[in-house]
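The next block holds one structure in the form of structure tokens; read it before the comments.
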Amino acid sequence: MVLCFPLLLLVLVLWGQVCPLHAIPKHLTKAHWFEIQHIRPSPLQCNRAMSGINNYTQHCKPQNTFLHDSFQNVAAVCDLLSITCKNGWHNCHQSLKPVNMTDCRLTSGKYPQCRYSAAAQYKLFIVACDPPQKSDPPYKLVPVHLDSIL
């Protein structure tokens, strides 16, 4: 019995590496998944917008921020000076101007009945950018992660 616990722990750790909680859906590129999660040109109702994201992940995402701008404008931030990301990588870029955004926070419910509150904001943002994958728009770099809101 004592041997079983370490073995179970090892299996769980390895499973987490294979199937991370925030895995990108297989048929999407990192940039497309970023667009689905974080780009909405106009203000939105959080319950409706988050249901689209939660349907991919099959759980209630605790928090999410939607930038009210175009993918093209957010991708243009990737052309600005690189800065250090929260994870220590150097592929982040900060917007020069604040944008309107909506912060959605889980207030109650279990998937698929997730309920969110909404907070309108006007702030700067930092995105992580990578070279595009084959089916991404043909920019030099594309946003793949919303690293921070300032």
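Cβ coordinates come from backbone N, Cα and C, glycine included.
Residues or ranges marked as signal peptide by Swiss-Prot on the basis of similarity to another entry: 1-23.
For His38 (active site, proton acceptor), applying a Cβ distance below 8 Å and a minimum sequence separation of six or more within one chain yields Asn64, Thr65, Phe66, Leu67, Val74, Pro143, Leu146. For His38, the entry in Swiss-Prot reads active site, proton acceptor, with the evidence type similarity to another entry.
Annotated disulfide bond per Swiss-Prot: Cys46-Cys104 (among others), in sequence order, evidence recorded as similarity to another entry. Cys46 (disulfide bond) falls within a helix when secondary structure is assigned with DSSP.
Annotation source Swiss-Prot lists N-linked glycosylation site at Asn55 (among others). In three-state terms derived from DSSP, Asn55 (N-linked glycosylation site) belongs to a helical segment.
According to Swiss-Prot, the feature disulfide bond maps to Cys60-Cys114 (among others). Following the DSSP three-state reduction, the secondary structure of Cys60 (disulfide bond) is coil.
According to Swiss-Prot, the substrate binding site annotation covers Lys61, Pro62, Gln63, Asn64, Thr65, Lys86, Arg105. The Cβ of Pro62 (substrate binding site) lies under 8 Å from the Cβ of Arg105, Leu106, each of which sits 6+ residues away along the same chain.
The site 'Critical for catalytic activity' annotation in Swiss-Prot covers Lys61. If you draw a 10 Å sphere around the CB of Lys61 (substrate binding site), it holds 19 other CB atoms from the protein chains shown.
Around Cys78 (disulfide bond), the same-chain residues at least 6 positions away in sequence with a Cβ under 8 Å from its Cβ are His93, Val127, Cys129, Tyr139, Lys140, Leu141, Val142, Pro143. Look at Swiss-Prot and you will find Cys78-Cys129 (among others) tagged as disulfide bond.
For Cys85-Cys92 (among others), the entry in Swiss-Prot reads disulfide bond. Reduced to three states, the DSSP call for Cys85 (disulfide bond) is coil. The number of other CB atoms found within 10 A of the CB of Cys85 (disulfide bond), across every protein chain shown, is 18.
Same-chain residues at least 6 positions away in sequence with a Cβ under 8 Å from that of Asn100 (N-linked glycosylation site) are, in sequence order, Pro43, His68, Asp69, Ala120, Gln121, Tyr122. A strand conformation is recorded for Asn100 (N-linked glycosylation site) in the three-state DSSP classification. The N-linked glycosylation site annotation in Swiss-Prot covers Asn100 (among others), and the record cites sequence analysis as its basis.
DSSP assigns His145 (active site, proton donor) to a strand. Taken from Swiss-Prot, the feature active site, proton donor covers His145.
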I'm trying to understand the geometry here, so how far is the Cα atom of Cys92 (disulfide bond) from the Cα atom of His145 (active site, proton donor), in Å to the nearest whole number? 9
According to DSSP, Cys114 (disulfide bond) sits in coil
Most distant Cα pair in Å, residues Lys61, Pro62, Gln63, Asn64, Thr65, Lys86, Arg105 binding substrate: 21
Cα nearest Cys85 (disulfide bond) among recorded positions (Lys61, Gln63, His145) -> His145
